[in-house]
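> Relevant sequence annotations retrieved from TrEMBL are reproduced here:
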- 1-30: region 'Disordered' (REGION)
- 103-213: domain '3-dehydroquinate synthase N-terminal' (DOMAIN)
- ASP106, ALA107, GLU108, ASP109, GLY110, LYS111, THR164, THR165, LYS177, LYS186: NAD(+) binding site (BINDING)
- 216-358: domain '3-dehydroquinate synthase C-terminal' (DOMAIN)
- GLU219, HIS282, HIS298: Zn(2+) binding site (BINDING)
Amino acid sequence: MTGPDPVTAPAAVPGPAGTGADNRAQAAADPAPSAAAPVVVPVRSAAPYDVVIGRGLLGDLVDVVRRVAPGHAALIHAPTLAATAEAVRDALQDAGVDTHLLEVPDAEDGKSLQVLGFCWDVFGQIGLDRGDLVIGLGGGSVTDLAGFAAATWMRGIRVVQVPTTLLGMVDAAVGGKTGINTGAGKNMVGSFHEPTAVLADLATLDSLPRNELVAGMAEVVKAGFIADPQILAVLEADPERAVDPTTPELAELVRRAVAVKADVVAADLRESSLREILNYGHTLAHAIEKRERYRWRHGAAVSVGLVFAAELARAAGRLDDATADRHLTVLHTLGLPTTYDPDALGELVTFMGSDKKTRSGILRFVVLDGLARPGRLVGPDPSLLAAAYSVVAGQRRRRGRVQP
């Protein structure tokens, strides 16, 4: 049975500049998941939900949606997933759920007010109400958009996230952060809106370009440094297998990274305190993205940001040399960039001034006081920023292989 014809958002959409301990303990105790054994990571927040990780999970989406029992569903997807979206729609139609496809531009171009307005218009046309459902099928940009569209329609309807990129699985689709971009910057307009469920089908990573898969590893590395050192051990033991989506190593890394985020989110959904540690490396990363007009992959920018944060803590006398050096080694071995434009510090400091963590113009950074010991550094002296950036400027290290 086929459903309604898909609708497509406007093609030319300008970008923002014109263009827990419980889950971690379980992860440590359990063996790596196999293809035949999906694992469930619970997010024990005010509105609990599960993140299911495994291979071949798209077939389970019908059961998840059936339990929610909507009359209508709006499935938002990127152009590259049109065939998959149509198959999901047909399966949902056969299950009695009137499902409509909304194709949106890929990557950051999809996170615009124009595309959000397109989604709202379609929601109204198909009669989506508070008993209905939005499904986000795609990378982190699609799940960000789908979540925010659901959060703002009728003051909030349910959303099921189906991330199809590594970055989406370990970061964007988990935790309830949603948002779009504006001229003021990335994700400056958004809300906290937790999903009903998250299905991370590792089989969708099989066709992902290697550069994109490697870029997603930056968020996995971040989780290792702030909370779960076993992540780093898996990466260091065999980097090639770690970035192979068919291996148990990759499945274990996804599970562990999701467990880290689930524990933090359960303790602090709205980023009032603890959740800030998930922004490790992101202060400089967001500044790089803004300077590059979002042409850099998010993971590539985060990789450079992680190096900067480690060097900042080292310069401040808070982080030991071995852990700071380990950032460079792990990221470089994966093929991620660790350096950036030597002449960009002044401009980047200006951009960092508009970071959401900044208070009254005072820069605030998440840093490490040791492995898996995150803390904060408030108002660092400019000399510390310069010392940390001297490493990012590439004076002692060479650039990774992944394309930004």
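Backbone N, Cα and C define each Cβ position, glycine as well.
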> Under a criterion of Cβ-Cβ distance under 8 Å and sequence separation of at least 6, what residues of the same chain contact GLU219 (Zn(2+) binding site)?
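Result: LEU166, LEU167, VAL170, ASP171, ALA257, GLY299, VAL302.
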> If you pair up every Cα among ASP106, ALA107, GLU108, ASP109, GLY110, LYS111, THR164, THR165, LYS177, LYS186, the residues annotated as binding NAD(+), what's the maximum separation in angstrom, rounded to an integer?
21
> With an 8 Å cut-off on Cβ distance to the GLU219, HIS282, HIS298 Cβ center, who else from the chain surrounds the Zn(2+) site?
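Near the Zn(2+) site, beyond GLU219, HIS282, HIS298, sit LEU167, ASP171, ALA218, LYS222, GLY281, ALA285, GLY299, ALA301, VAL302, GLY305.
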> Using other CB atoms within 10 angstroms as the count, which residue among the binding-site residues ASP106, GLU108 scores least?
ASP106
> Between GLY110 (NAD(+) binding site) and HIS298 (Zn(2+) binding site), what is the CA-CA distance rounded to a whole number of Å?
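The Cα atom of GLY110 (NAD(+) binding site) is 15 Å away from the Cα atom of HIS298 (Zn(2+) binding site).
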> Round to the nearest Å and give the CA-to-CA distance linking THR164 (NAD(+) binding site) with HIS298 (Zn(2+) binding site).
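So the alpha carbons of THR164 (NAD(+) binding site) and HIS298 (Zn(2+) binding site) sit roughly 16 Å from each other.
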> Does HIS298 (Zn(2+) binding site) have same-chain partners at least 6 apart in sequence with Cβ under 8 Å from its own Cβ, and which are they?
GLY140, LEU167, ALA215, ALA218, ALA285, GLU289
> On the three-state reduction of DSSP, what should I expect for THR164 (NAD(+) binding site)?
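Note: THR164 (NAD(+) binding site) is coil by DSSP, not helix or strand.
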> Run through the Cβ atoms and count how many others sit within 10 Å of the one on LYS177 (NAD(+) binding site).
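The answer is 24 other Cβ atoms.
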> Count the Cβ atoms, other than its own, that fall within 10 Å of the Cβ of THR164 (NAD(+) binding site), considering every protein chain shown.
28
